[in-house]
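J.: Following this message is one structure expressed as structure tokens.
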Amino acid sequence: AAEMEYESVLCVKPDVNVYRIPPRASNRGYRASDWKLDHPDWTGRLRVTSKGKTAYIKLEDKVSGELFAQAPIDQYPGIAVETVTDSSRYFVIRIQDGTGRSAFIGIGFTDRGDAFDFNVSLQDHFKWVKQETEISKESQEADTRPKLDLGFKEGQTIKLNIGNMTTKKGGATKPRASGSGSVSLLPPPPGGKIAVPPIPPPSSTAIANHVTPPPVLKSSNVSNADVLLDLDGPASAPKASASATTDLWGDFSTASSAVPNQAPQQSSWVQF
């Protein structure tokens, strides 16, 4: 796994000053004012790289790129990189060579923004390292926990009850319409009523038309001529009624003229 890791560049600053610092006399921290800031001991390029979980501060020559010093960092903030107490542009780093020897030197940036970028690049890297450590720890704990066996054993079955799909024995059966000629009505809609059509009354026209003619009496002594006379007999009745109607109008006019105080009738009544 270590061979497969590749080196990535986190930050590059073209100008950085290196200072020899006196040993720290107490635990109060380093102060940049104790250094010879006007006369740096070395000037070059700073490059911050990472390989795996370890970050490296590399001091290189500006022209040739030759490595001047290197400081491996396992954690930040920590003893490998410390800030000074009187400025945000200066830091103290611990450099190491291949033989295991180490020394503390001071570095400083002319621009305050370069110092901010240097600080943020280290913070972001170790924030990522912390997240990776927590994820790997959780995965290891998950592997050590006993796994649940949710598979079916041999001969094991399950039973599903879906709503009212199953029919119960001895339940009430639905009523059915008896006879083939019966009319089946649909159930009423919710909140509605069924209007039953009224039964039509018996037709009075059929009753009026159903008239039984009176029986005709047949006699051997009555001739066909008598039957014709009987049919002609009633024809004289309208004439008598017409004369009676004329007499009634005459009586009405006579009676009206007999009353002395009544006004005379109009001629229209006599003409009618």
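The count begins at 1 with the first shown residue.
Keep in mind that glycine also has a Cβ here, set from the backbone N, Cα and C atoms.
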J.: TrEMBL tags one of 33-76, 165-208 as region 'Disordered' - which one?
T.: 165-208
J.: State the residue range annotated as region 'Disordered' by TrEMBL; the candidates are 84-104, 105-125, 252-272.
T.: 252-272
